Amino acid sequence: MMSQDRMTLDTELVAWRRHLHAHPELSFEEHQTAAFIEQRLSELGVESTRVAETGVVALIEGAQPGPTRAFRADIDALPIQELGERDYCSTRPGVMHACGHDVHTTVGLGVARELVARRSELKGRVKMIFQPAEEASPTGEPIGAERMAVEGVLEAPEVEAILALHCMPTLEVGKIGYTGGPVWAASELVEVVIEGKKSHGAYPHEGIDAVAVAAQVIVALQQVVSRVTDARDAVVLSIGKLEAGNSYNIIAERAELTGILRGLSAPAIERARQAARQIIEGVSAALGARATVRFVPGARLTANDAGLEARVVRLIEERVGEGVMVKHLPQLGAEDFAAFSTRVPAAYFFLGVKDPGSEDVHPLHTPRFDVDERCLTLGVRAITEALLGLG
């Protein structure tokens with residue numbers, strides 16, 4: 001098991017994390033966050049450059065020749081009003097680090113600190129990538145990882161392997177999870193427009209009720225996962241938004257549905273997509289309405305390189321402690337890390353942040369999310385040892 005010193009608080013890491021937590025910034029608005037990262041790196045004697053507006057990249061050269069590998073930490077926050085009375089709560093109304101990116105950023109800075117201190121052991125070089133805008137909409141402008149990749153963050157020098165991690169609120173501090181394959185799901189936005197016919201609410205037989213059609217479509221779509229999808233595949237189809245009508249006594253002629261389709265394999269998503277389209281169009285037509293369906297690609301599947309993942313797991317077990325690494329289920333949430341992992345071998349892990357002595361678990365993207373700050377020490381140690389061992 002992990003020795004006790006890996007379960008202690010590192011006061012400098014805690015101070016960095018609390019500063020970041022108290023000063024969250026939204027996607028592509030991380031100006032103060034980027035400046036904070038640059039200042040900490042400068043204090044370590046590490047030069048950095050800006051990429052993708054508010055992204056920061058630094059290269060730490062080792063004392064010996066070797067390959068180039070990278071660690072990515074996302075740095076943006078969410079539009080959530082934090083609840084709680086901690087002295088490091090968000091100072092910005094309506095903005096919060098509810099996904100743990102303050103932790104990821106702190107781990108990245110801590111890894112940089114350790115690599116500088118152990119430069120004599122470092123073979124080759126490590127590129128520290130502090131990425132903006134992981135939370136930005138996948139249907140708007142290119143989000144942070146893709147922009148950084150397009151702007152050459154994996155080049156000059158060429159990155160041969162990249163690592164990343166994410167807070168996991170259900171995993172106890174002292175543990176790091178690995179999946180052995182897919183990590184985060186691919187996702188697609190689902191947009192549906194149902195067109196019926198308007199009529200007076202007293203005479204629904206003279207119209208085609210788009211709201212009633214939409215209700216039947218939503219119910220029928222439950223068949224996609226329960227009956228069309230292979231039970232061994234992980235697929236989720238959720239309709240989260242319905243807009244229709246403009247008066248209580250007028251039969252709506254138009255209804256708009258918006259949802260998300262997620263899955264851990266391309267064939268499973270394709271089958272679910274085809275079934276959803278058939279159901280939406282077929283149910284609508286059967287009830288006299290017409291449906292238009294649009295699937296908008298979002299995040300791509302994030303999957304680990306099997307060889308790299310196995311090597312990192314072994315390195316952490318050997319260098320940090322037996323029992324630290326535990327098998328973990330992949331998640332049906334989505335990430336933009338595939339912009340990196342589809343270009344170079346990658347390995348992505350889950351960092352346990354749950355206090356073992358507490359029964360409270362506040363999920364990611366909720367207003368009371370917080371972490372056991374002892375996770376910082378392990379995160380830094382594990383990633384540092386993995387990067388050193390990959391030389």
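Cβ atoms here come from the backbone N, Cα and C positions, even for glycine.
Note that TrEMBL annotation is computational and uncurated.
According to TrEMBL, the protein has these features:
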- CYS99, HIS101, GLU135, HIS166, HIS365: Mn(2+) binding site (BINDING)
- 191-281: domain 'Peptidase M20 dimerisation' (DOMAIN)
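Of the chain residues outside the Mn(2+) site list CYS99, HIS101, GLU135, HIS166, HIS365, ASP74, ASP76, LEU78, HIS97, ALA98, GLY100, GLU134, CYS167, LEU364 have their Cβ within 8 Å of the site's Cβ mean position.
Summarising the environment of HIS166 (Mn(2+) binding site), the number of other Cβ atoms within 10 Å of its Cβ, over all protein chains shown, is 26. Figure note: comparing Cβ neighbours within 10 Å for the binding-site residues CYS99, HIS101, GLU135, HIS365, the maximum is reached by HIS101. Classification of HIS101 (Mn(2+) binding site) by DSSP places it within a helix. Broken down by DSSP into helix, strand and coil, the domain 'Peptidase M20 dimerisation' (191-281) contains 38 helix, 31 strand, 22 coil.
Mapped onto three states, the DSSP output places HIS166 (Mn(2+) binding site) in strand.
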